[in-house]
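This report concerns only the one structure given below.
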Amino acid sequence: MNTTFKAMAAAIALGLPALALTTGPAFADEMAEGKWGEYQVGDKRSGYTYAGPETRAMQDDEFQNPAMLWLDTGMSEWENAAGDAGKACADCHGDAEESMAGVATKYPVYSEETGKMMNLEQRINFCRTENMQAEPYKWESDELLGMTAYVKNQSKGMPVDVSIDGPAKEFWEKGKEFYETRRGQLDLACTHCHVDNAGNLIRAETLSQGQGNGFPLYRLKWQKVGSLHRRFRGCNNNIRAEKLPYGSDEYTNLELYVTWRGNGLPIETPAVRK
Amino acid sequence: MQRKTSAISAMVATAAVAGLALTAPAQAADLVDYKVVDDWTIPESLTGQPGDPVNGKVVAIDRKLGNCLSCHKMPIPEEQFHGETGPSLWGVGNRYEPEHLRLRIVDSKVINPETMMPAFYRVEGLHMVKDGFEDQPILTAQQVEDVVAYLMTLTEEEPQTN
């Protein structure tokens with residue numbers, strides 16, 4: 001299967017075989033010393049580096065990673081003609097492995113058409129409604145999660161590189177403000193958990209930096225793949241704050257800010273988390 | 001200290017910052033009045049009743065109530081997974097009097113505006129509170145008293161492990 005080959009090629013490019021193939025105490029030592037290879041860039045650390053060894057192993061092994069099922073859905077949807085235009089993604093974009101390589105590293109991007117930020121899910125649905133004259137995929141449907149993960153997977157191992165220049169700047173500022181504003185009955189901001197306390201336990205969970213580079217990802221608690229916006233809703237809900245709609249402007253701006261925080265980290269999609 | 005404030009002025013100040021003073025006159029009515037002294041203590045029981053330390057422990061553990069273990073280590077070995085974003089509460093009964101602990105739990109932001117610790121008995125100045133939780137403090141006045149009474153029983157210091 002070409003995804004297998006591709007994952008291996010990406011792993012080789014990243015110098016990951018040492019991590020993936022070394023088992024036992026050597027592996028543990030490497031982790032204990034805080035050498036996270038590509039998963040750490042300066043102070044930025046992927047959620048992978050805070051995850052337990054079983055979770056990491058599940059992510060690393062393509063045959064164990066349950067998210068691969070969603071990637072398969074994305075791959076077949078890529079070829080699937082839909083809508084009044086009778087077109088599939090492949091009719092305009094050809095081979096995803098070529099045309100989509102690197103694309104996801106730039107998202108969310110400012111869209112001239114809508115005058116606001118557009119994340120990958122919204123771009124996919126924009127193509128469906130505008131170019132295919134098809135129904136947009138529903139948020140959190142297997143199709144949208146699968147397509148987003150499939151497209152993002154074509155950039156696996158490439159550094160996140162969103163721009164906040166020009167028109168994106170004001171949306172970045174809104175996202176930053178959201179990130180730093182206390183909300184909910186527990187009166188907490190994202191910063192309290194993911195900046196001030198990354199690495200600390202909150203009950204049984206080790207707080208990470210809340211990076212977005214592995215999304216959409218498979219979460220054991222969800223028993224399925226989920227989007228970054230689903231994670232935002234979960235974190236908002238945990239502090240007894242209002243959950244905002246999937247794809248809302250607020251969450252898309254927040255996604256820009258969260259993604260920008262992780263500029264330089266490699267895309268990991270599809271990651272696995274607890 | 002310049003501010004020997006009453007509960008009323010503290011509440012008005014908080015409400016005014018949030019722009020709520022005139023728009024939501026009814027909401028504070030359900031909370032009992034209390035008096036903060038020196039931004040540091042609430043000397044009197046919120047309910048006029050003593051707290052029940054046994055119930056206080058239940059409230060402290062309950063994830064829907066105090067959920068104190070999410071952030072604090074406590075001398076409760078039967079509960080797994082103690083958080084570490086706040087200081088350990090072992091021996092906290094030796095370090096404070098009830099009047100200090102009462103303000104800490106009612107509204108620790110009076111002591112440290114930057115703190116992560118939620119105010120357990122305050123409804124003003126919150127944003128985007130989830131439906132069903134608006135205008136409700138996390139704990140009732142008596143639950144606050146119960147937790148204070150429980151914390152005062154925590155006089156054992158944490159055993160040194162290394």
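In case you wondered, yes, glycine gets a Cβ from its N, Cα and C as well.
Annotated features, as they stand in TrEMBL:
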ACT_SITE  A:Cys235  active site, cysteine persulfide intermediate
BINDING   A:Cys89, A:Cys92, A:His93, A:Cys127  heme c 1 binding site
BINDING   A:Arg231  substrate binding site
DOMAIN    A:74-160  domain 'Cytochrome c'
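On the structure: features taken from TrEMBL.
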residue  : record                                        : Cβ contacts under 8 Å, 6 or more apart
A:Cys89  : heme c 1 binding site                         : A:Glu77, A:Trp78, A:Glu79, A:Ala96, A:Cys127, A:Met147
A:Cys92  : heme c 1 binding site                         : A:Cys127, A:Asn131
A:His93  : heme c 1 binding site                         : A:Ser99, A:Met100
A:Arg231 : substrate binding site                        : A:Phe215
A:Cys235 : active site, cysteine persulfide intermediate : A:Cys190, A:Cys193, A:Gly210
Can you list, in sequence order, the residues of the same chain other than A:Cys89, A:Cys92, A:His93, A:Cys127 whose CB lies within 8 Å of the CB centroid of the heme c 1 site? A:Lys87, A:Ala88, A:Ala90, A:Asp91, A:Asn131, A:Met132
Going by DSSP, is A:Cys89 (heme c 1 binding site) part of a helix, a strand, or coil? helix
On average, what pLDDT score does this prediction assign to the domain 'Cytochrome c' (A:74-160)? 97
Of the residues in the domain 'Cytochrome c' (A:74-160), how many are helix, strand and coil by DSSP? 43 helix, 9 strand, 35 coil
